Every structure is written in C-alpha cells, then in structure tokens.
Amino acid sequence: AGEECDCGSPANPCCDAATCKLRPGAQCADGLCCDQCRFIKKGTVCRPARGDWNDDTCTGQSADCPRNPFH
C-alpha cells in the first residue's frame, strides 16, 4: 500500500524503484495523460472518438484518460 507508481522497472525516470514513490517534481509515471512525468494539458485527446461518441480528453489534473460521459 502507499505506492504512487509501478516500481517494477528501475528504468522509469518518473518513479523511484526503491520506494515506489514519484520522483521529486514528477506528477505521474504512466498513463494515457502522462508525458515525461507531467500531466498532459487539459483538452488533449487521449482516446479518439469511435462511431458517434466524442473524443476522450485529458483533464490536466490526472494521468488517467477519463471515459467521455456521452458514450
């Protein structure tokens, strides 16, 4: 418990493999809305639209790509 990131790989520059905590200055370690340890800006498409659905976009506050509520 208390893990902030997946510490399986010491190669991840955002995550301290010894503590499973984000490195200083890192906002995230992985996820569709995480790029180089930082949250991708709000409104960036993280999952393109399919059919009549709208694009899923990053919130700017999380590494996760939220599902569009209008699916």
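Cβ atoms here come from the backbone N, Cα and C positions, even for glycine.
As written in Swiss-Prot, here are the features:
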DISULFID  Cys5-Cys20  disulfide bond
DISULFID  Cys7-Cys15  disulfide bond
DISULFID  Cys14-Cys37  disulfide bond
DISULFID  Cys28-Cys34  disulfide bond
DISULFID  Cys33-Cys58  disulfide bond
DISULFID  Cys46-Cys65  disulfide bond
DOMAIN    1-71  domain 'Disintegrin'
Secondary structure content, the domain 'Disintegrin' (1-71) (per DSSP, counts of residues): 0 helix, 13 strand, 58 coil
Neighbour count (Cβ, 10 Å) for Cys20 (disulfide bond): 16
Neighbour tally for Cys7 (disulfide bond), based on other Cβ positions within 10 Å of its Cβ: 16
Inter-residue Cα distance where the pair is Cys65 (disulfide bond) and Cys34 (disulfide bond), in Å: 9
Length of the line joining the Cα atoms of Cys37 (disulfide bond) and Cys7 (disulfide bond), in Å: 14
From Cys7, Cys20, Cys65, the disulfide-bonded residues whose CA lies within 10 Å of that of Cys28 (disulfide bond): none
Densest Cβ neighbourhood among Cys34, Cys37 (disulfide-bonded residues), 10 Å radius: Cys34
Rounded to the nearest Å - Cα separation of Cys5 (disulfide bond) and Cys14 (disulfide bond): 8
Tertiary neighbours of Cys46 (disulfide bond) (same chain, Cβ under 8 Å, six or more apart): Leu32, Cys33, Ile40, Asp56, Thr57, Cys58, Cys65
Site of maximum Cβ density within 10 Å, from disulfide-bonded residues Cys14, Cys15: Cys15
Cβ-Cβ neighbours of Cys65 (disulfide bond) (radius 10 Å): 19
Cys14 (disulfide bond) and Cys7 (disulfide bond), Cα-Cα, nearest whole angstrom: 10
